[in-house]
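Q: One structure, as structure tokens, below. Some questions next.
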Ligand SMILES: Nc1nc2c(ncn2[C@@H]2O[C@H](COP(=O)(O)OP(=O)(O)OP(=O)(O)O)[C@@H](O)[C@H]2O)c(=O)[nH]1
Ligand SMILES: [Mg+2]
């Protein structure tokens with residue numbers, strides 16, 4: 001027989017950490033309340049017949065938000081064989097409130113006091129036996145994070161499942177018990193005996209859901225109402241408050257008996273850190289600096305080194321193992337370049353180009369002057385086409401010279417790249433040319449272009465995992481709440497955004513923690529503005545290829561996303577559709593934890609692996625489609641296949657041509673950029689995949705930045721659109737969300753490009769006017785009064 005054990009407990013008490021430890025899964029863990037929003041099942045290690053169910057956190061069995069309903073319904077309707085109640089040992093008083101309710105359900109309960117490592121470090125003491133006696137169930141101590149006592153806890157729950165049910169020890173005051181006894185008799189005698197007490201108490205509290213579920217007759221209801229009113233009169237309070245208060249009094253007595261706090265008047269370390277990072281004036285600057293560092297390191301510095309190796313080495317010509325031989329090779333190349341490549345003729349051509357102001361010429365020249373072949377190679381790769389277009393073609397000399405250049409494989413330990421190996425392999429078996437093209441240009445080129453960015457993503461994911469699990473991200477939601485409450489927004493909307501910087505899909509799902517339906521819709525619509533992991537390659541590509549790795553490009557993409565969310569929030573809040581008071585935000589700040597290295601690496605790998613899987617499936621397929629689209633086409637009125645076909649003649653080119661006019665006002669009305677944008681709807685990584693297959697075409701920096709803006713903000717990938725559809729639960733709202741995102745993205749890119757052109761002195765009249773209209777509209781929306789301004793301001797002040 002299968003035994004089902006539910007993990008129930010307050011938000012952020014460590015249920016998912018325990019679930020992962022017990023089942024070997026990799027569910028998402030973060031240091032703030034409301035991480036888990038769906039129930040997850042897994043098999044207990046070494047016990048084939050035991051299923052563990054991880055539930056969203058709940059404070060009580062009276063749910064307010066969607067994810068709390070998930071937890072309550074599971075406990076009450078599906079009735080697990082046992083409940084393993086996870087209790088945060090550093091916050092016993094509040095956590096036991098739920099425990100008192102769980103023991104009334106008539107399901108065997110085992111209480112696991114978690115975070116014992118912290119409790120012990122604080123020098124506090126919990127008397128387990130006394131607690132167990134007071135609650136009427138077994139109590140064990142664990143540390144889910146350190147893996148201490150976790151198996152014992154699970155086994156205790158398995159034991160309990162087959163043993164007797166838990167009998168609640170707590171009795172309410174006489175008047176209440178009297179009413180409950182009557183209710184049991186009148187309304188719930190048909191239910192199994194062990195469930196009667198819980199239902200009776202809920203009826204006493206006048207819980208709508210339970211009353212609805214039981215469907216009592218009018219006479220029964222009237223009868224019960226009398227009993228409840230009698231108790232209310234005697235105790236002079238409403239029924240629900242009576243129950244709540246009596247529970248807290250009872251818990252207070254338990255705490256008094258069973259818990260010894262080491263008295264310490266001084267501030268804890270968490271409090272001291274919070275004094276700084278949530279400081280009224282310092283909080284935002286500190287957040288900005290942290291995110292700049294995170295994006296700068298992951299995209300520009302360490303990230304670039306890793307990505308260069310992946311792109312040019314593993315998915316390029318090859319690389320020197322541990323750098324052995326690369327120094328000698330560089331020296332030899334520089335010597336060779338001085339003699340053969342950087343001829344007087346080349347240098348003077350580039351010099352003239354630089355004087356004429358051609359994009360990239362100064363970079364090429366600079367690398368020659370520095371005698372740095374690596375830099376030259378990169379600059380030449382990026383700008384040779386742009387130079388040639390303006391009549392400064394140096395490719396003939398350079399390409400001819402490169403034919404005779406020293407072979408890197410002759411130095412040190414050389415590992416050839418995957419494309420080289422594959423090509424050699426295909427040559428050996430005598431593969432047909434078209435198939436070779438498909439494999440090399442389509443599959444290896446397309447998938448490789450995406451996989452090449454995985455190291456960068458992994459580095460970003462390490463940072464995110466650290467910030468999330470140490471507890472800093474929870475502070476940001478808190479700080480944001482303080483500011484945006486003024487605009488009628490709730491800080492709860494920022495939690496989905498923080499999760500969304502990994503992937504938009506869980507970000508959108510995290511919106512379930514928002515009770516207010518209008519705020520929840522608004523959050524779903526704006527969450528994907530934040531750059532997710534898959535947008536990182538686009539940012540990295542543009543930052544390195546067009547901005548020479550300027551430090552500000554990557555962080556600016558993040559702040560652009562934040563700004564888009566804030567501006568959208570304020571604008572939407574002022575429309576009738578979304579007007580209303582911000583939901584109260586009662587998140588308590590979790591204590592800071594040092595996350596374990598294992599947990600951070602696990603979280604990084606979990607997110608990274610899903611990208612790699614995507615590269616092997618959806619990106620593989622779409623790379624093949626793109627390759628085919630660029631090889632089939634119409635030449636001289638005939639449909640032909642030609643791997644060397646001009647892009648304009650191919651099917652893909654025709655598609656791009658048909659739509660690229662749309663993007664012309666944004667500065668990237670070229671075929672490749674249009675195709676890349678469309679493919680971005682399939683998966684955002686595909687944007688770089690397209691450039692990988694079709695190779696990068698010179699754009700001005702401004703146009704490239706507008707391209708970045710548009711692709712960051714426009715409709716997300718299919719997977720995220722699917723998530724929006726599920727969470728909105730309405731086709732109309734889904735289309736509205738996508739439409740809003742695309743229009744917003746278009747407006748933002750238009751403003752960036754047209755005003756940028758104006759500042760650089762090459763603006764055009766119509767474009768500038770359009771940009772100013774967009775800007776004026778946004779400013780109007782931002783400053784116009786709220787629809788219900790009076791009530792809103794009043795309420796905010798009261799809070
Ligand atoms: N120090 C310490 N930290 C722990 C322990 N168990 C969990 N944590 C940390 O507590 C935080 C919350 O853990 P989760 O497992 O996500 O909590 P949860 O109960 O699933 O939270 P929700 O899904 O929001 O209900 C994470 O930062 C964990 O690393 C423990 O035994 N000791
Ligand atoms: Mg959880």
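Any Cβ shown, glycine's included, is placed from N, Cα and C.
Since the structure is predicted, the reported quantities are computational estimates derived from the model, not experimental observations.
Take a look at what TrEMBL says about it:
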DOMAIN    2-163  domain 'FeoB-type G'
TRANSMEM  281-299  transmembrane segment
TRANSMEM  443-467  transmembrane segment
TRANSMEM  487-510  transmembrane segment
TRANSMEM  522-546  transmembrane segment
TRANSMEM  552-572  transmembrane segment
TRANSMEM  611-629  transmembrane segment
TRANSMEM  702-721  transmembrane segment
TRANSMEM  733-753  transmembrane segment
TRANSMEM  765-783  transmembrane segment
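So where do these features actually land, and what's packed around them?
A: If one looks beyond the transmembrane segment (487-510) by at least 6 residues along the same chain, the residues whose Cβ comes under 8 Å of a Cβ in the stretch are 28, 30, 32, 34, 37-38, 461, 464, 468, 473, 476-481, 516, 519, 522-524, 526-534, 558, 561-562, 565-566, 569-570, 573, 579-585, 587, 607, 610, 716-717, 719-720, 722-724, 727, 786, 792, 796.
Counting only same-chain residues 6+ beyond the ends of the transmembrane segment (522-546), those with a CB under 8 A from a CB of the stretch are 298-300, 303-304, 307, 382, 450, 453, 456-457, 460-461, 492-493, 496-497, 500-504, 507-508, 510-511, 514, 553-554, 557-558, 561-562, 564-565, 568-569, 572-573, 578, 607, 611, 614, 680, 683-685, 687-688, 691, 696, 699, 701, 704-705, 707-708, 711-713, 716-717, 720, 724, 727-728, 736-737, 740-741, 744.
Here the transmembrane segment (552-572) has long-range neighbours at 288, 291-292, 295-296, 298-300, 484, 487-489, 493, 497, 501, 522, 525-527, 529-531, 535, 539-540, 542-543, 578, 705, 708-709, 712-713, 740, 744, 748, 778, 781-782, meaning same-chain residues at least 6 beyond its ends whose C-beta is under 8 angstroms from one of its own.
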Q: With pairs fewer than 6 apart in sequence excluded, do the transmembrane segment (733-753) and the transmembrane segment (443-467) have three or more C-beta pairs that lie under 8 Å?
A: no
